[in-house]
């Protein structure tokens with residue numbers, strides 16, 4: 001089989017005008033960005049506000065291995081399959097971060113014959129949205145350090161006299177807004193800024209700081225949750241970036257930088273239209289993490305797609321305990337639009353990894369034995385799939401299992417998995433997903449089953465796990481107990497104090513976002529399968545007042561990846577014709 | 001008069017397709033980026049390689065005040081004036097950096113009725129070239145720190161065994177490649193990276209580092225000097241980023257990151273086509289500083305424009321001792337295309353500031369008295385204009401003086417200046433430049449005089465100040481003595497050692513780029529007018545092997561600006577219609 005970039009390069013792509021027309025956009029509602037990308041105006045949603053809203057299908061997965069189970073490829077393949085069944089369909093995916101592309105995993109455009117194309121344009125820069133997030137984020141960081149510097153240098157009274165501004169009296173030990181960069185740059189995790197040569201203070205005041213990767217910016221979560229430009233402006237102004245010496249929150253509005261940040265992100269609010277290899281119109285928009293943020297592509301993209309198409313296929317990061325939980329409890333509670341059907345992607349490899357019979361460690365290669373047939377491991381790991389089916393169903397959402405088939409998977413083992421699923425008490429549909437090798441043709445059965453579930457779910461029975469009006473502690477417990485199956489949460493002393501302070505300061509009505517390992521349903525990446533009676537330890541709470549949630553750190557969550565010994569960038573280059581080589 | 005953004009917003013702009021067609025581009029030679037921008041393919045130059053090359057006019061200035069003398073407005077106004085005279089004309093300008101836009105000076109799109117439009121798109125992100133430079137630059141920085149980390153963590157032998165790569169043995173005290181960001185962020189000038197919590201070394205090895213603003217990246221200079229994508233690739237691979245423990249240069253090629261950096265900048269190599277308010281096709285490309293780099297827009301943009309148009313108007317940063325000197329000695333020696341005429345922009349305010357009769361300090365407001373008529377100060381400051389005319393002429397290039405008129409300038413004082421110019425022994429043309437208030441109509445006289453000079457200079461008499469084969473010391477002396485009028489250079493001990501080492505390592509054939517204050521012809525910003533018999537102290541030499549020059553630090557040159565007490569971003573916002581307000 002050809003490499004991803006070679007498949008993509010030789011595919012006969014349509015002009016973006018043709019794709020936009022096919023999607024139902026009017027010429028005034030999009031602006032082409034070269035031949036194969038377009039920015040889509042939010043005017044399209046306004047025009048279609050009275051049109052019927054299409055079905056929303058969310059692709060989720062079993063508890064994944066670090067290699068992933070193939071959600072993006074299934075998302076694109078399913079959309080292509082639906083198109084082959086003559087349905088009106090669009091896909092909505094997140095924008096890939098460049099850090100991991102240069103670091104370890106290569107591109108994130110799907111793969112094989114189920115890709116968004118051109119994949120190099122999707123993976124590199126796209127239409128600049130992540131750069132805009134980075135720029136707006138770091139503008140606020142520069143504003144904070146400049147204010148600290150001038151207020152401390154001049155003294156508060158002199159500062160006020162000279163600038164005509166009110167001194168903010170920011171506590172330089174309580175700046176919560178770090179800087180961001182779209183690279184895997186380990187050395188920037190913990191830094192000291194504002195250093196000076198002996199005795200001078202011309203470079204600001206020295207303090208500890210650090211960089212996160214841009215996808216971890218609260219602005220990325222805000223971009224994914226905003227309803228329109230004015231809502232973006234409002235949310236940006238609500239971001240708390242620091243605390244004063246009196247412990248009061250300091251917002252970007254206080255710094256008078258929220259307007260400029262919004263200006264910086266004015267184009268980023270428009271989703272980017274592209275196409276799959278089979279010409280399905282696809283919107284790419286935002287890319288929040290699925291641990292410290294909600295891990296789903298944007299509400300704006302969904303709003304456009306569900307008005308234009310009968311079926312919108314999108315995905316949430318990691319397993320159904322992660323991105324899908326947040327799609328239901330965070331995203332749907334903001335958008336008012338809940339998923340009509342969930343597709344749970346499972347692989348033989350991933351289920352066997354969930355058996356607990358293999359020694360798997362994050363950052364290490366998956367053992368070869370895992371791709372050998374192993375009936376016992378499959379049965380043991382199957383408990384994990386069953387858990388995810390039950391989890392999806394508890395939200396009142398029907399589930400279809402998609403078995404993402406790899407070339408080395410045997411017919412016997414696939415058949416064994418299908419029989420295990422058929423034997424479940426709650427009748428659940430299952431279909432193969434062979435989109436990587438066959439494109440939409442490889443998901444016709446899956447597409448039919450998803451359509452059937454969507455058509456049968458005319459009356460929404462959607463039930464989120466909590467109401468926003470519940471207390472913060474109740475909301476955290478709801479996710480841990482109902483969402484993960486834990487027995488209870490355990491707040492550290494620090495988290496308890498933070499919970500009190502956040503409640504006092506009026507943030508109790510926000511959603512909660514648990515940041516934990518995706519490699520287990522529990523907070524311990526070594527615990528596989530479908531564990532019970534575990535405790536969710538919450539170390540620290542972090543406020544994202546602009547995004548509208550408080551995230552809870554359960555264990556260590558890495559917000560700035562590092563480069564491995566032999567990074568992926570080493571194989572990237574241009575050839576003698578100026579074409580990109582080495583991107584996969 | 002309306003504000004810049006209001007003039008721009010109410011101007012009837014043409015579609016970018018119409019502008020491209022007017023410029024003579026074929027539909028396959030550009031890709032629209034929205035309605036008013038397009039990326040121009042280098043295929044256009046190939047198609048036109050046998051066409052006649054048009055005239056190249058470089059706009060330069062007297063020794064400027066920190067407010068600038070209006071070179072960009074004159075560049076655009078002159079292009080508009082030529083168009084009114086029915087000449088085939090294009091303008092080529094640099095992409096504005098966002099740092100200063102948010103910091104102090106607002107936009108950099110010209111002003112009044114001589115702007116590149118839409119000015120908000122020019123000033124913010126444009127087509128992402130600066131972001132691409134930033135990303136490529138910081139990828140190399142992450143690669144360096146990751147390599148340091150893995151080699152030191154594992155030991156060289158184990159590193160080589162595990163990775164299959166040869167250990168580079170980079171000296172962590174001799175990393176010369178900093179990081180960059182397109183913001184005015186003082187606190188990032190001096191930082192410490194790779195810090196760890198007690199005892200661990202998971203975040204890399206601690207070392208001193210810092211950020212420059214993105215325009216100061218060597219990649220920006222490379223982008224401006226590259227001839228095509230393959231040349232860009234070659235130059236990127238030649239960048240020296242560090243030295244080994246044995247003192248040998250380490251390049252991006254050694255790090256195997258040069259290919260990925262080029263991939264990152266693949267779209268950035270195409271200039272962006274826009275239009276002036278009067279519809280003159282304008283190419284925007286690159287934005288190198290005019291002190292530590294050569295301060296002119298790109299060779300590629302010039303190559304395209306001079307093949308498409310009879311007249312190409314471009315500008316070099318600061319006065320003729322700075323950007324224009326580097327246009328002649330660095331840029332023209334690479335491109336093979338020397339300027340056919342130079343326009344020296346002068347203002348009454350700027351000439352009086354050059355009298356030495358006012359107390360002007362960098363970073364402080366210009367005194368009100370400077371805009372009052374002052375015949376004595378004008379005569380004293382006029383020596384500076386005379387110096388710049390002689391300077392331009394010594395390159396064999398004819399000069400025309402453009403008096404950029406401000407509303408408060410009196411007729412009497414303007415007349416006095418014109419008479420001073422007419423009284424010069426070498427007959428030099430002078431014309432008013434009233435493009436800010438009148439657009440192209442305000443530069444008809446100037447345009448006619450520039451055209452006359454270009455037509456009379458059929459045979460090039462261009463003479464750069466040095467040959468690349470001269471020794472480094474001779475090249476530095478040539479710029480200081482012939483280019484500035486100094487009596488000699490004085491190399492610090494450090495610079496002498498660096499000069500020896502650079503010569504030994506085979507870099508003696510590079511061009512030289514003197515980095516000094518733009519506010520004086522000397523290296524002391526307080527010395528005004530046309531000083532003589534001064535010494536140029538050179539503190540340090542820095543290698544830009546990819547860009548192809550060695551820059552010499554003469555005094556302090558700021559490569560990361562700071563934000564003032566009340567930054568420009570405070571007035572930026574979106575209004576209820578989602579339009580940008582507060583950008584000027």
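Placement of Cβ uses the backbone N, Cα and C atoms for every residue, glycine included.
Those TrEMBL annotations? Automatic predictions, nothing curated.
As the structure is a computational prediction, the values presented were derived from the model and not from experiment.
Features reported for this protein in TrEMBL:
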- B:65, B:66, B:67, B:68, B:69, B:70, B:71, B:72: ATP binding site (BINDING)
Cβ atoms within 10 Å, counted per site: which of B:68, B:70 has the most, among these binding-site residues?
B:70
Between the binding-site residues B:65, B:67, B:72, whose Cβ has more other Cβ atoms within 10 Å than any of the rest?
B:72
ATP site shell beyond B:65, B:66, B:67, B:68, B:69, B:70, B:71, B:72, criterion: Cβ within 8 Å of Cβ centroid:
B:61, B:64, B:345, B:347, B:350
Please state whether DSSP places residue B:65 (ATP binding site) in a helix, a strand or coil.
coil
Three-state secondary structure, which DSSP defines for residue B:71 (ATP binding site):
helix
Out of B:66, B:69, B:71, which of these binding-site residues shows the lowest number of other CB atoms within 10 Å of its CB?
B:66
